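According to TrEMBL, the protein carries these features:
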DOMAIN    4-141  domain 'Nucleoside diphosphate kinase-like'
BINDING   Lys12, Phe60, Arg88, Thr94, Arg105, Asn115  ATP binding site
ACT_SITE  His118  active site, pros-phosphohistidine intermediate
Amino acid sequence: MSNTERTFIMIKPDGVHRGIVGEIIKRFEQKGYKLVAMKFMQASVEHLEKHYADLAKKPFFPGLVKYMASGPVVAMVWEGLNAVKTGRVMLGETNPADSKPGTIRGDFYVQVGRNICHGSDAVESAEKEIALWFKPEELVNWTTVQAPWIYE
Ligand code: IDP
Ligand code: MG
């Protein structure tokens, strides 16, 4: 765990269509995480099959990839202390019924197949996902002036 831990957060096509891109970015900004990379794009089926390769055998996989490829996404890298685990807490649970109000999923969705936002589930998968979605030179190396007020 370090201040430079990174997580991959992606606003899914439903999050873009429903106009909550700014809201999701705001939550990570106000928490104190640092934006390291961001890309607005429409991902290909092939790319999404790689991203969700671990789920390839699930019955919902074809529908998941179709939904994810159906419109634009906002792919982002956020950095900071415990970014992966805390990012997941901010996101909420996979099961909508378990997602508490105050979390992104708890506040904005009701059905698992339209759940607005992705977040890496472990440091290792975060690193893999960041490498899949971004070239090394797309990760911006900068220091926020807020750093001494976020970290002791
Ligand atoms: P996560 O996004 O909370 O990490 P995963 O189990 O990794 O959840 O599943 C990836 C994505 O697959 C979910 O975010 C959701 O969009 C979709 N998904 C998961 N379970 C189901 C399901 O039972 N039906 C339809 N889609 C699902
Ligand atoms: Mg997952």
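A Cβ is built for glycine as well, from the same backbone N, Cα and C atoms used for every other residue.
Overlay of TrEMBL feature records on the structure.
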| residue | record | CB count, 10 Å |
| --- | --- | --- |
| Lys12 | ATP binding site | 22 |
| Phe60 | ATP binding site | 12 |
| Arg88 | ATP binding site | 19 |
| Thr94 | ATP binding site | 12 |
| Arg105 | ATP binding site | 22 |
| Asn115 | ATP binding site | 23 |
| His118 | active site, pros-phosphohistidine intermediate | 20 |
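In three-state terms derived from DSSP, Thr94 (ATP binding site) belongs to neither a helical nor a strand segment and is classed as coil.
Regional average pLDDT for the domain 'Nucleoside diphosphate kinase-like' (4-141) in the model is 97. Ligand 1 lies under 6 Å from the Cβ of Phe60, Thr94, Asn115, out of the binding-site residues Phe60, Arg88, Thr94, Arg105, Asn115. Comment: ATP site residues Lys12, Phe60, Arg88, Thr94, Arg105, Asn115; largest CA to CA distance 22 Å, whole number. Candidate binding-site residues: Lys12, Phe60, Thr94. Nearest to the residue listed as 'active site, pros-phosphohistidine intermediate' by Cα distance: Lys12.
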